[in-house]
Amino acid sequence: MPRPHQNSHSGNASANEPLKQQGKYQIAARNNSSPQPGKVFGCSNWGMAVNVYSTSITQETMSRHDIIAWVNDILALNYTKVEQLCSGAAYCQFMDMLFPGCISLKKVKFQAKLEHEYIHNFKLLQASFKRMNVDKVIPVEKLVKGRFQDNLDFIQWFKKFFDANYDGKEYDPVEARQGQDALPPPDPGEQIFNLPKKSHHANSPTAGAAKSSPASKPGSTPSRPSSAKKAAPSSSASKSDKDLETQVIQLSEQVHSLKLALEGVEKERDFYFGKLREIELLCQEHGGENNDLVNRLMEVLYASEEHESHTEEHEGEEQVHEQPQQQEEY
């Protein structure tokens, strides 16, 4: 794998360079002294991280295509969207690359598909930030939702952070993650809307000519068809077969993707149902204490759709009765 590009500011320039030569970012001084034994596991060759703070709204940033190409090149991935960074796995491996040993890649869920798995990865990232004294708040709740702008803003900052801390050492990302791909599952919604188009073979001129050709009259001597006319139906039929095979393959892939998406939704449903069950048990344990909060939680847990609709109707009726009374007072 080609050696990752090293930022010129971090290699040849001092860590205390002025803001103008550091791309409108304030760079804190780097402490290259080795940490004391036992404080940061596996990080004996590193001091604390160089913190990066944005000092201008109009900062120089990379386009989304360039930033994804950079991530793929450094970590040997196949990301296609900025939103796929919402799993947090790529950031965890970046930290392992910058500060070896500050994070355990064995705990990173490189095949994360569900939101609570994304949160697990970002918790590991937060712990590594704390170990290396990285002064940056990670907006986990926003990032795990997979929104484009939130993930773009964070990777733009991380690119600056990477450039300020990377020292140019060799790193094999595939070996480090033991061959796993840190790629979230494809979005089933996009595949549903990108169904293969129907074949237009039935509307082709060749098919129309075949339908409109008149039948030979009785008694007339049919003319011998030329070799070109013989080849046309066979090539047309083979093309139609290939179109059908392509559609079958595409539909099979979509069925497989939707099955995976369904499995993920069912796992997430079971996960949150388990959380609600734990809350229910806690409420039942403290239910006899006449705690208003516990009683309110129990009402929310056991409320049905019919009960909620009746409550809304009752509130609406009360508002209707209150209006004439207010008019009479005036």
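Cβ atoms here come from the backbone N, Cα and C positions, even for glycine.
According to TrEMBL, the features are:
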type: COMPBIAS; residues: 1-15; note: compositional bias 'Polar residues'
type: COMPBIAS; residues: 204-238; note: compositional bias 'Low complexity'
type: COMPBIAS; residues: 304-321; note: compositional bias 'Basic and acidic residues'
type: DOMAIN; residues: 61-163; note: domain 'Calponin-homology (CH)'
type: DOMAIN; residues: 240-310; note: domain 'EB1 C-terminal'
type: REGION; residues: 1-26; note: region 'Disordered'
type: REGION; residues: 175-245; note: region 'Disordered'
type: REGION; residues: 303-330; note: region 'Disordered'
Mean pLDDT over the domain 'EB1 C-terminal' (240-310): what is the value?
78
With DSSP, how much of the domain 'Calponin-homology (CH)' (61-163) is helix, how much strand and how much coil, in residues?
68 helix, 0 strand, 35 coil
